[in-house]
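Report on the following structure.
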Amino acid sequence: SNKNHIKFSLMEEEKQIVCGQLPQTSLCDFDPPKLKTRKRNKYAIACSFLASLSSILLGYDIGVMSGAIIYIKKDLNINDVQVEILVGILNLYSLLGSAAAGRTSDLIGRRSTMVVAAVIFLIGALLMGFAPNYAFLMFGRFIAGIGVGYALVIAPVYTVEVSPESSRGFLTSFPEVFINGGILLGYVSNVAFSKLPTHLSWRFMLGIGAIPSVFLAISIITMPESPRWLVMKGRLHEARIVLNKTSESPEEAECRLRDIKEAAGIPEHCNDDVVQVPKHPKGDNVWKELFISPTQSIKHIVLTGIGIHFFQQASGIDSVVLYSPTIFERAGIKSDHDRLLATVAMGCVKTLFILVATFLLDRVGRRPLLLTSFGGMTISLVLLSIGLTVIDRSNGQVTWAVALCVMMVSVYVALFSIGAGPIAWVYGSEVFPLKLRATGFSVGVAVNRVTSGVISMTFLSLEKAITIQGAFFLYAGIAGIAWVFFFTLMPETQGKTLEETVALFGTFFEWRSTSRELKGKKINNNDEIQMATGDVSS
């Protein structure tokens, strides 16, 4: 009779689950262990790859400006302040695109927003390539900056929304991979066109950036729309098709659809092809939930999700990448061509290590990589500053100090690429709840670009004020503060669904206890189910 009672209870519970009467129980909790060893979904990889092509736009501009500015300065006879503004202003212009991208992508879809980004950057690149003077060049950078802002927001958001849970870190790191690929292409373009006459070299360097935009616009035709956006619009049939293609099993597809429907406020029993989505209050409701009257969980999410973008840029990466020829000149490399070649070598190191990071994110986790990254960056910046100080105070060339500087620049960008670079985009795009994700991530990107703009527009002035080694000592201090921030406040999100991730936040410095409690509950639920099914089978 005891066995019959258990059988009856399980049958009743199964009926309740099917009917949607137990929404707190998710199929994700009962996934068999073998699901964790499946191969990566090739269709999801292809979608993420194509979406991340938009990130090349920013990378190319960063890389190409580091060399083009040498020839722009000579050709247009501009001073250091104009150089700083020209180099860094695109980051501030990109704020307009970033601010509009969240609402635009919610309105017309993630895929269509990528087309907007590509077209805008295409126009900007052509304007820069044909610029006759400094003012026209600044206008071209204004247009290109808006396109970059759109691309920076939409690529990570789309990628995280099509990615299955087990590959989310790997796939969401693709935008950073392509930013680094774009930087390397920019460096190569600098070397390729450096032998042209001065008035043509920089125009070819900048104008050729229109080519990636064309490839991006064409590739978007083959991509599906984001399943989360489709659910938000009530198009469940289309969302189910995309989820079946981008998930690792039909069970996972149904699990993801269930979670998305719950987050969008759609009742679980609604399974029509097109359903009516509950309307949320219009106006500033999203902004209100994020900043005006947020819950404790949202406060914690905003702090870490935006803080990671701030520290990624405040630790000085753009100063190293944009002004690497200047750094190498201070280190003792005088030839323009040799400095550009050294920059290409640095770009190869940066790209190589970002590829390494993509394979470690879902194996090692976000926290270990990020803490290793910022800890190593702090040490390498200190050693770079020491090397530059020795060179500055010596009468002749100090070979070991020159080698130390070149090595520490490479070590710094390698450590950045293995942690701080990709994880800012992965973490920043996965921690926000569904209805706040596009807007929340847009704010994070805005902070990222403002910080980047401030860093890149003040480096030459900072060098004059406190010397170049003093600037890097300052960046080292910021990187050290970042390490403490992430160690104390950043929960690990590896291996969790986007909806489960939100539950980790809200306890700030006590997030470790919350993580242990959630893990314990999940283990207990699985144990209870296994015991019950074992009794029935016996």
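Every residue gets a Cβ built from N, Cα and C, even glycine.
The domain 'Major facilitator superfamily (MFS) profile' annotation in TrEMBL covers 47-494.
According to TrEMBL, the transmembrane segment annotation covers 43-71 (among others).
Under the heading transmembrane segment, TrEMBL lists 83-102 (among others).
Residues or ranges marked as transmembrane segment in TrEMBL: 114-132 (among others).
The transmembrane segment annotation in TrEMBL covers 138-158 (among others).
Annotation source TrEMBL lists transmembrane segment at 170-188 (among others).
Marked as transmembrane segment by TrEMBL: 200-223 (among others).
What TrEMBL records for 340-361 (among others) is transmembrane segment.
When Cβ-Cβ distances below 8 Å are used as the criterion, the transmembrane segment (373-391) is approached by residues 311, 315-316, 330-332, 397-398, 401-402, 404-405, 408-409, 411-412, 415-416, 418-421, 423, 467-470, 472-473, 475-476, 479-480, 482-483, 486 of the same chain, each at least six residues removed from its ends. Annotation source TrEMBL lists transmembrane segment at 373-391 (among others).
For 398-427 (among others), the entry in TrEMBL reads transmembrane segment.
Long-range Cβ contacts of the transmembrane segment (472-490) within its own chain (Cβ-Cβ under 8 Å, at least 6 residues beyond either end) map to 300, 303-304, 307-308, 311, 314-316, 319, 366-367, 370-371, 374-375, 377-378, 381-382, 384-385, 388, 420, 427, 462, 466, 508-509, 511. According to TrEMBL, the transmembrane segment annotation covers 472-490 (among others).
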Out of 83-102, 170-188, 200-223, 398-427, which stretch touches the transmembrane segment (138-158) the most, going by CB pairs under 8 Å?
83-102
I'd like to know if the transmembrane segment (43-71) touches the transmembrane segment (200-223) in this structure, counting it as a touch only when three or more C-beta pairs sit under 8 Å and are separated by 6 or more positions.
yes
Can you give the mean pLDDT for the domain 'Major facilitator superfamily (MFS) profile' (47-494), rounded to a whole number?
87
Segment proximity, the transmembrane segment (43-71) to the transmembrane segment (83-102), 3 or more C-beta pairs under 8 Å:
yes
